[in-house]
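Participant: Please find one structure pasted underneath; my questions will follow.
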Amino acid sequence: MSWLEKLLDKNNIINTRKTSIPEGVWTKCPSCEQVLYRIALKENLEVCPKCNHHMRMTARDRLDSFLDKEKQSEIACEYEPKDVLNFKDKKRYKERIALAQKSTGEKDALVAMKGELLGLPIVACAFEFSFMAGSMGSVVGAKFVEAVDIAIEENRGLVCFSACGGARMQESLMALMQMAKTSAALDHLSRVGLPYISVLTDQTFGGVSASIAMMGDINIGEPEARIGFAGRRVIEQTVREKLPDGFQQSEFLLEHGALDMIVERSDMRRKIGGLIAKLTNKSIQPEAE
């Protein structure tokens, strides 16, 4: 067979037709712009394997990867938000709730579970940032307080992963009241001698950062997480000064004493398990190889 016949052989003809790739198979790291296979990224706990950028996780993925398998059950799941003020901005609050519930599959912005961490009984909560920016309203407050109550009743440590834009403006003063309500519950937890570990993830701002996120016996930040009360731009416009580079990142807060430590996501189970074991004078079960 001549070279031309080989070239024209049907087995050697390259298919030039466009093929469609299902949406969501690939994604791009927002930090280094590396194209990543979505399934592999999820297995790596939403951490970029090239630059180690910690991306946001859903609340359920976070709790599922954090708690021991087959040792977890959801709690405080009966609450649903209500538009008691008939609030309307560009959309009605009822519409925003319905859209957020449809897009996330959650009733509100906090998921709470009880289970075990390396064999230690704990209660764990995680904010769902995709639900109205993880904003704290009356349902989030009620779920968190019930999680604290269960931790006290069953003698469990408490862990909370924060990712929040602040108090939910559509609930006005009722949202702001949750800062005092949740803080009082944590005071009760402290008085009975149970540990509370707070993990601040990207991003944690507003009323949550001014209450439950900073009230841990130990406050942990994820790498490069943005943490603060007001945003950088708002502060710069108010004080009319340029803020330092890295301002409001977890590394800056650690350097200035606002955080106790920074822990990578892959090491979170081991580190928090060890802390709770020391604070409760219990032994942990080692991770299976």
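The backbone N, Cα and C atoms fix where each Cβ goes, and this holds for glycine too.
Swiss-Prot feature annotations, pasted as is:
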type    : residues                   : note
DOMAIN  : 25-289                     : domain 'CoA carboxyltransferase N-terminal'
ZN_FING : 29-51                      : zinc finger
BINDING : Cys29, Cys32, Cys48, Cys51 : Zn(2+) binding site
Participant: With every protein chain in view, how many other Cβ atoms are within 10 Å of the Cβ of Cys32 (Zn(2+) binding site)?
Facilitator: 12
Participant: Counting other Cβ atoms within 10 Å of each Cβ, which of the binding-site residues Cys29, Cys51 scores lowest?
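Facilitator: The binding-site residues Cys29, Cys51 were compared, and Cys51 has the fewest Cβ atoms within 10 Å.
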Participant: What average pLDDT does the predicted model assign to the domain 'CoA carboxyltransferase N-terminal' (25-289)?
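Facilitator: Reported value for the domain 'CoA carboxyltransferase N-terminal' (25-289) is a mean pLDDT of 94.
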Participant: Across all the protein chains here, work out how many other Cβ atoms are within 10 Å of the Cβ of Cys48 (Zn(2+) binding site).
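Facilitator: The answer is 20.
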Participant: Taking the center of the Cβ atoms of Cys29, Cys32, Cys48, Cys51 at the recorded Zn(2+) site, which other residues in this chain have a Cβ no more than 8 Å from that point?
Facilitator: Pro30, Ser31, Glu33, Gln34, Leu36, Pro49, Lys50, Asn52, His53
Participant: For the zinc finger (29-51), what are the DSSP-based totals of helix, strand and coil residues?
Facilitator: 6 helix, 4 strand, 13 coil
